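Sequence annotations record features per position, and here TrEMBL assigns region 'Disordered' to 33-61. Annotation source TrEMBL lists compositional bias 'Polar residues' at 33-44. Taken from TrEMBL, the feature transmembrane segment applies to 114-136. The feature domain 'Late embryogenesis abundant protein LEA-2 subgroup' is assigned by TrEMBL to 169-263.
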Amino acid sequence: GLSLAIFNSYPKFYLCPFTDCLIVSLLVPESQPNTTSMENQSRPVTGYPATGYPQAQSNTNPNGYPSAHPSYCATAGTAYPYAAPPPPHATYYNPNPYYGQAYPNPRATFLRRLFVILITAFIITGTIGFIIWLVLRPRIPEVRVDSVAVSNFNLSSSSLISGNWDVRFTVRNPNHKITLYYDRIEASVYYKSELLSETAVPPFVQGTKNETAVRATFAASSAYVEGSVANGMNQDRARGSVGFSVGMSTSVRFKAGGWWARRRFLRVYCRDLTVGITSNNSGGTLVGGPKQCKVGL
């Protein structure tokens, strides 16, 4: 753009490109003054703005570095013919808002929602279970062997064993608010890891803070055992006692009022039940008093 004004009889041309302003002064000899301007200096020159010219604006920041968006010499309302540049972060109107939008993947959305549902269900279930545990404080039962009696015990030279075992237990329910239901009980008698006989115990119901006496009877008639097992029994009888073990497995249900817990599998193992049996007799009883059994779910 080009602007011309007359100040003090010196015509000056303002050349304002997009970056900087350049002022060009032309010196006119005093012998040839501009008669037009000398006639009436108070009247503005035709074609030029009546107000003063805008000051040239610097495109340099206070820190000395050039600005990324230099300002223009002319502002709105002046004779500068170019429009002002758009702001740095201008928002333009989109006549079609649906064009160019990315749609979410349906499969990813489904998996994300499924994951959130599973996590929420897990947290809710865990919270409910924790509250029930705090209220009821369920505990597993306690089992103790009170007595063991062996009769008609015989071990032949061909590793055939016969005998009867009568075992008495005491089962205790330590819970204050939970009733135990024993649906099916299976019991076994062992010598070390060798199974000698099996039996079934009738089911029963046990109330809160209750102790129930349970009896299990076993019988073996000419049952074959390994030669190493027969030799171990004979050596124990020569020392005056034989050690047996009794195991029980049962399914138990926990009930508190109208609330039923799911069925649990309970294991009981009573080891080192020493019975006084010598080589000269065929029977004996438990040595050392009652024995506490290990109980686990």
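Quick reminder: no glycine exception, Cβ is built from N, Cα and C everywhere.
Automated prediction, rather than curation, is the source of TrEMBL annotations.
The model shown is predicted, which means the values in this text are computed figures rather than measured ones.
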Could you pull out which residues elsewhere in the chain have a CB under 8 Å from any CB of the transmembrane segment (114-136), counting only those six or more residues past its ends? 175, 177-178, 256, 259
Secondary structure split (DSSP) over the domain 'Late embryogenesis abundant protein LEA-2 subgroup' (169-263) reads 13 helix, 59 strand, 23 coil
